[in-house]
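For reference, the structure discussed in these notes is given below.
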Amino acid sequence: MFWFKQGLCFLPVFLVTWSSSTFIVSYIIALFRRDVDIIFPYISDTGATPPESCIFGLMTFISACAGVSTIYARYKYVEKLSEETIAVGTCLNKAALVFGQLSCLGMLIVATFQETTVPVVHDVGAVTFFVSGIVYTILQSWISYRAYPFGSTIGVCRARFGIAALATVAFIPTFICAIFVKQSQLHRHKDDEDYPFHLASAVCEWIAAFSFICFFLTYIDDFKLFTLRVNTEYQY
């Protein structure tokens, strides 16, 4: 049996591969059409203009659906693990589930409401995605340490903590520097007064986004160990 057919490990593999492709494909199309600058545009800039906005919206919707499935599967895995080991509290596991699903909702808002059309709603979605996503990675890192030695190895626990820390550190300048960015044009110039803030914010945004996405790579070994089934009961 191929490794990606073991258990549910195809879920995090698909999520990471598809989400990464979403950002890269929209960036390449926007760059080819000269809709954005080559040096670190905001991720949202690459999906602000048709036709890349259509592709970005569709692919992000699929990513959000894959994220919901992966996060729920992780929740059920931890729930089952807790029943046997009593290592992780129910409230902690449910809190992680809620923040994970909120991050997926934020992703949908970002894809649906382009920054050039409805900037306020778009920004709310972006903050929801990043903040909820980072909180989710922190909670899952905590869960991993609480469950050890059951579930993940100590190496995986440390990897999750490191990725969560990187995403947190990257998001802080992303948010702070974005406050000082006054212009909303897709094309920027080095002579712009707020260009250094734009560049710092954009670079950190890419780091934070890919850190959050790559966090799900640490689920692969765990997801090989279980499957989910749906039971149907007919009510007379």
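Cβ atoms here come from the backbone N, Cα and C positions, even for glycine.
TrEMBL annotations: computationally assigned, not manually curated.
The shown structure was predicted, so the numbers you read here are calculated from the model rather than taken from an experiment.
The domain 'CWH43-like N-terminal' annotation in TrEMBL covers 9-224.
The list of residues near the transmembrane segment (12-32) in space but at least 6 beyond its ends in sequence, with Cβ under 8 angstroms from a Cβ of it, reads 4, 38, 41, 43, 45-47, 49, 51-52, 55-56, 59-60, 62-63, 66-67, 70, 206, 209-210, 213-214, 216-217, 219-220, 223. What TrEMBL lists as transmembrane segment is 12-32 (among others).
Residues or ranges marked as transmembrane segment by TrEMBL: 53-75 (among others). Away from its own ends, the transmembrane segment (53-75) comes close to residues 8, 11-12, 14-15, 18-19, 21-22, 25-26, 29, 46-47, 93-94, 96-97, 100-101, 103-105, 107-108, 110-112, 114, 136, 140, 216, 219, 222-223, 228 of its chain (Cβ-Cβ under 8 Å, at least six residues beyond either end).
Beyond its flanks by at least six residues, the transmembrane segment (95-113) meets 44, 47, 56-57, 60-61, 63-64, 67-68, 71-72, 74-75, 78, 121-122, 124-130, 132-133, 135-136, 139-140, 143, 212 of its own chain at Cβ-Cβ distances under 8 Å. Per TrEMBL, the feature transmembrane segment maps to 95-113 (among others).
Annotation comment: TrEMBL describes 120-139 (among others) as transmembrane segment.
Non-local neighbours of the transmembrane segment (159-181) in the same chain are 127, 130-131, 133-134, 137-138, 140-141, 144-145, 152, 194, 197-198, 200-201, 204-205, 207-208, 211-212, 214-215, 218; each lies 6+ residues outside the stretch with a CB under 8 Å from one of its CB atoms. Taken from TrEMBL, the feature transmembrane segment applies to 159-181 (among others).
Here TrEMBL flags 202-220 (among others) as transmembrane segment. Beyond its flanks by at least six residues, the transmembrane segment (202-220) meets 9, 11-13, 15-16, 19-20, 23, 40-43, 70, 74, 103, 130, 133-134, 137, 140, 152, 156, 159-160, 163-164, 166-167, 170-174, 177 of its own chain at Cβ-Cβ distances under 8 Å.
Listed by sequence, the residues of this chain that lie at least six past the ends of the transmembrane segment (120-139) yet keep a Cβ under 8 A from its Cβ atoms are 44, 71, 92, 95-96, 99-100, 102-103, 105-110, 112-114, 160, 163-164, 167-168, 171, 174-175, 208-209, 211-212, 215.
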